[in-house]
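K.L.:
Annotated active site, proton donor per TrEMBL: GLU56, in sequence order. Summarising the annotation, TrEMBL assigns Zn(2+) binding site to HIS54, CYS84, CYS87. TrEMBL lists 3-114 with the feature domain 'CMP/dCMP-type deaminase'.
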Amino acid sequence: MALDDEHWMRHALILARNAWQQGEVPVGAVIVRDGKILAEGWNQPITLHDPSAHAEMLALRTAGQTVGNYRLPNTTLYVTLEPCLMCVGAMLHARVERVVFGAYDPKTGAAGSAFDLLQHPRHYHKVAAVQGGVLQEECAALLQAFFRERRAAAALAKPAP
Ligand SMILES: [Zn+2]
């Protein structure tokens, strides 16, 4: 684990709260190069009517626009939840160098939990390093709190028997 991993993960957690405020599953992502923020994103598929609008995808798009190149070498992508298949695919296309995630996603995580595609030997390009579990408890707790609140709201919305 690098020295400032927790620092950037805390930043990603703040971005995840933006998603919650929009009623989206709270996941945040930040792309860092040379110790500076290159791009930020938070989950908003509902808001944007876009199944690909995961936090990582939005951050990758912004980063690409910022540097004027779809390839993003020498970057580290921080995300509060283990990335899915789609996001891992995009990270490989972008040549992201290092991926750091917070909570593990045993159901759909593609960085080692459900699938292990970030460092799959058949990829021509591989993400050089993957670090999971950074601020894992905080990242998982945010998601759990969101789903708890959503269940409570759903229960309230039901008409009394
Ligand atoms: Zn994803």
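Glycine residues also receive a Cβ, built from the backbone N, Cα and C atoms like all the rest.
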K.L.:
Among the binding-site residues CYS84, CYS87, which residue has the fewest other Cβ atoms within 10 Å of its own Cβ?
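P.N.:
With the binding-site residues CYS84, CYS87, fewest surrounding Cβ atoms within 10 Å: CYS84.
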K.L.:
Any idea what the model's mean pLDDT is for the domain 'CMP/dCMP-type deaminase' (3-114)?
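P.N.:
Averaged over the domain 'CMP/dCMP-type deaminase' (3-114), per-residue pLDDT gives 96.
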K.L.:
Look at the recorded positions HIS54, GLU56 and tell me which residue has the greatest number of other C-beta atoms within 10 angstroms of its C-beta.
P.N.:
GLU56
K.L.:
DSSP helix, strand and coil counts for the domain 'CMP/dCMP-type deaminase' (3-114)?
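P.N.:
DSSP classes over the domain 'CMP/dCMP-type deaminase' (3-114) add up to 44 helix, 26 strand, 42 coil.
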K.L.:
May I ask for the distance between CYS84 (Zn(2+) binding site) and GLU56 (active site, proton donor), taken between their Cα atoms and rounded to an integer number of Å?
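P.N.:
With the alpha carbons as reference points, the distance is 10 Å.
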K.L.:
Rounded to a whole number, how many Å is the Cα of the residue listed as 'active site, proton donor' away from the Cα of CYS87 (Zn(2+) binding site)?
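P.N.:
Distance (Cα to Cα, whole Å): 6 Å.
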